[in-house]
Amino acid sequence: KRTPVASPAEMPPKRKAAPKVAAKAGSSGRLQDAAVLWFRKGLRLDDNPALVAAAKSGVRHLCPIFVIDPHFGPKHVGVNRYRFLLESLSDLDAQLRKRLGSRLLVLRGKPETVLGDILRSGKPLLGAPPRLLMWERDTEPYAQARDAAVAKLAEKAGVEVQTFVGHTLYDPDDALKVNKGKAPSTMPGMVTLAKALGEPPQPLAVPSKVPPLPAGVKPFPVPTLKEMGYRDVGGKIGTHAFPGGETAGLARMAARLKDTEYIRTFEKPKTRSTAFDPPSTTVLSPYLKFGCVSARRFFHGLKKSIGGKKHTQPPGSLEGQLYFREMAYLQGLTVPNFDRAKGNPACRPVPWDKSAAKLKAWEEGKTGFPFIDAAMRQLKQVGWLHHLARHAVACFLTRGDLWQSWEDGRDVFDRLLLDADWAINNMNWLALSGVAPWSPPFFRVYHPVPKMDSALNVQDPEGEYIRQYVPELRDMPAKYIYAPWTAPLDVQKEAKCIVGKDYPKPIVEHERVSKANIARFKKSPRAPPAPAAGAKRLAPAGDQPASGKRPRR
């Protein structure tokens, strides 16, 4: 029987777990007194409800496993994020060995197949099926279909399944129930819901011990990038700037929380989009995406760091960023076809163009607009972008300049970002392309040649960000670095960068196409009625609150 478990005993219970039932005999005729703890996200020991429950389960043996799903291979996941995943698995394995005398068993194959074998026969880990299978719940459609299939296999084998909430501040089901089945569509709505739910549960400590591995179990080590079909990119700009794993994530979080002035005065819209060494934001998003750090741990760390003193408020505050994350998960859980235009009640049916050449130029950072190109090359090289740089390139690809579908841009982000998160990525692309009920006004278009005081908050008059990621322009005078085609030919020659030869000419004439695109958008079919999720207006995660003012260039 599948047993949803909201939290272990230490956490304030919001609902009781279903009672355990006697397990039926599996295909082998018996069940082994063992539990399988299936890590997916939640790649940490700290504040891990499933791990805490496993430690208290009373089983004789515990098998912590991770299944490398071939679906998430080179076709769908870029090398930087895969490296981050493998580093996170290696760190989890090291922590299990060091702190709990166990280790991580990394299996490979379609999860339904790998878990199906374990549930039928126990192989390759056990001599018989385990009596208990445990995992952290996931709200993404792919994961839900996968988990439903595995739960069905477990039921057939007579293996009990327990699932836990650990990836979000709140149980999404509880949040929707309190909000009468609807996802909040504004930050005030999310703040109101958070108040109704109360503070998130306190994070859980790492168990002092867990049941040991079965004797004689094979190692099943973490594979290398090469073994998984990737070419290592060691030595490239920014590579390994953000190492994966709980150890690195907790250290990054602790360093930020220690800076109480930074925490209390943080306003995301005021952070620099061009700051890269170091970035102007926390860069905790990859660690939250993989569950290397706990959202609850970060939330309560913020409260402690603030210490009751005056501080910024949502949406711009760090607490506000966690609420945006919660809101995205609730939107993704309730809006049908959230990840596509067709059949999505939250998506205006805009007739986008389809140009492989324009999409390629954008993805490769060869549009002829240095700020746009620097951002896209940073994305490819490092796997991370400041939120305002994400806004700029998303607007440029869609309603601003190239008139390409948000789904194509979303797919590029989904492949290349370290912190690619299904719900947040889709919510932001829906917003920034102008098609969602919560989008900013469609006529608010970012200029690809930003001024220093623009809404993109560039604050980089010397163009150091561009020089870092677009080396062709490294010697271009600051006066021309954001628009090198305006430089006289002799200046271009002096800078060893002839526009049209060493660096592309602008792919479009922004002033003309942006005006035409605004007119096209205005004529496109109106947005459909508000979706069942109740969305009316929602600023994209990390975006500025609507001010009614048109952003400057």
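Every residue gets a Cβ built from N, Cα and C, even glycine.
Bear in mind that TrEMBL entries carry predicted annotations, made automatically and left uncurated.
Keep in mind that this is a model prediction, so the values were computed, not measured.
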(message) region 'Disordered' per TrEMBL: which of the ranges 1-25, 26-50, 151-175, 276-300 is that?
(response) 1-25
(request) When you get a sec, could you say which of 338-373, 518-553 is annotated region 'Disordered' by TrEMBL? (result) 518-553
(request) Would you mind checking how many other C-beta atoms are within 10 angstroms of the C-beta on Ala420 (FAD binding site)? (result) 20
(request) State the Cα to Cα distance, in Å, between Thr281 (FAD binding site) and Trp429 (site 'Electron transfer via tryptophanyl radical'), rounded to an integer. (result) 20
(request) Report the DSSP secondary-structure composition of the domain 'Photolyase/cryptochrome alpha/beta' (33-169) as helix, strand and coil residue counts. (result) 57 helix, 31 strand, 49 coil
(request) Rounded to the nearest Å, what's the C-alpha distance separating Asp419 (FAD binding site) and Trp429 (site 'Electron transfer via tryptophanyl radical')? Just drop the number here, would you? (result) 15
(request) List nothing but the largest Cα to Cα distance in Å, as a whole number, among the residues Thr281, Thr282, Val283, Leu284, Ser285, Asp419, Ala420, Asp421 that the record says bind FAD. (result) 18
(request) Out of Trp352, Trp406, Trp429, point to the one nearest Val283 (FAD binding site) in space (Cα versus Cα); all of them are recorded sites in the record. (result) Trp429
(request) Identify, in sequence order, the residues in the chain of Asp421 (FAD binding site) that are 6 or more apart from it along the sequence and have a CB within less than 8 Å of its CB; answer 'none' if there are none. (result) Ser285, Lys289, Arg325, Ala328
